[in-house]
Amino acid sequence: MTNFTHINKQGNAKMVDVSNKEITKRVAEAHSSIIVNEKIYSQITQNTNSKGNVLNTAQIAGIMAAKNTSTIIPMCHPLPLTGIDISFKWDSNNDDSYRLNITAVVSTTGKTGVEMEALTAASVTALTIYDMTKAIDKGMIIGETYLESKSGGKSGDFHRKN
């Protein structure tokens with residue numbers, strides 16, 4: 001049976017003590033996506049949304065989310081993040097819908113990883129796009145959110161195999 005590090009001997013939640021862990025460079029990349037209709041695609045790419053620039057706002061929201069991960073996920077450590085980069089790439093689904101792929105890369109030099117920060121950034125970026133465009137279509141689909149890769153730390157590197 002696996003021992004869960006976030007559970008104490010009494011079975012209660014605890015935050016893992018990382019004080020004895022080695023300080024290393026840590027980077028995590030997470031992905032998410034949102035499928036939108038042609039009207040939303042045009043509004044985003046032509047920057048005509050009445051609420052403002054959708055992608056810039058979503059990037060800022062994703063960055064803020066990464067910085068605040070420890071305040072919304074109980075056992076995450078507050079970390080001094082050294083970099084957060086959120087990027088976008090459009091794909092056409094050839095059926096009058098468009099997929100916006102979201103990549104969030106988060107880095108730090110510290111004693112614990114930034115996987116949760118990257119996943120939170122990617123998720124909140126997609127949620128912000130939904131929020132800013134839902135007046136046009138509430139049928140948007142937020143796609144799979146997953147860790148693509150991580151490096152640094154005792155557990156070593158991880159790269160998703162497709």
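Cβ from N, Cα, C; glycine included.
According to Swiss-Prot, the protein carries these features:
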type     : residues                  : note
ACT_SITE : D131                      : active site
BINDING  : M75, C76, H77, M116, E117 : substrate binding site
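Recorded features from Swiss-Prot, shown on the structure.
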| residue | record | Cβ contacts under 8 Å, 6 or more apart |
| --- | --- | --- |
| M75 | substrate binding site | H6, A13, K14, M15, V16 |
| C76 | substrate binding site | T69, S70, M116, E117 |
| H77 | substrate binding site | M15, V16, V18, S70, K111, T112 |
| D131 | active site | none |
(request) Give the sequence-ordered set of same-chain residues, not counting M75, C76, H77, M116, E117, with Cβ within 8 Å of the centre of the Cβ atoms defining the substrate site. (result) T69, S70, I73, L79, T112
(message) So the record assigns M75, C76, H77, M116, E117 to substrate. If I measure every Cα pair among those residues, what is the longest distance in angstrom, as a whole number?
(response) 12
(message) Which secondary structure state does DSSP assign to M116 (substrate binding site), in the simple three-class scheme?
(response) helix
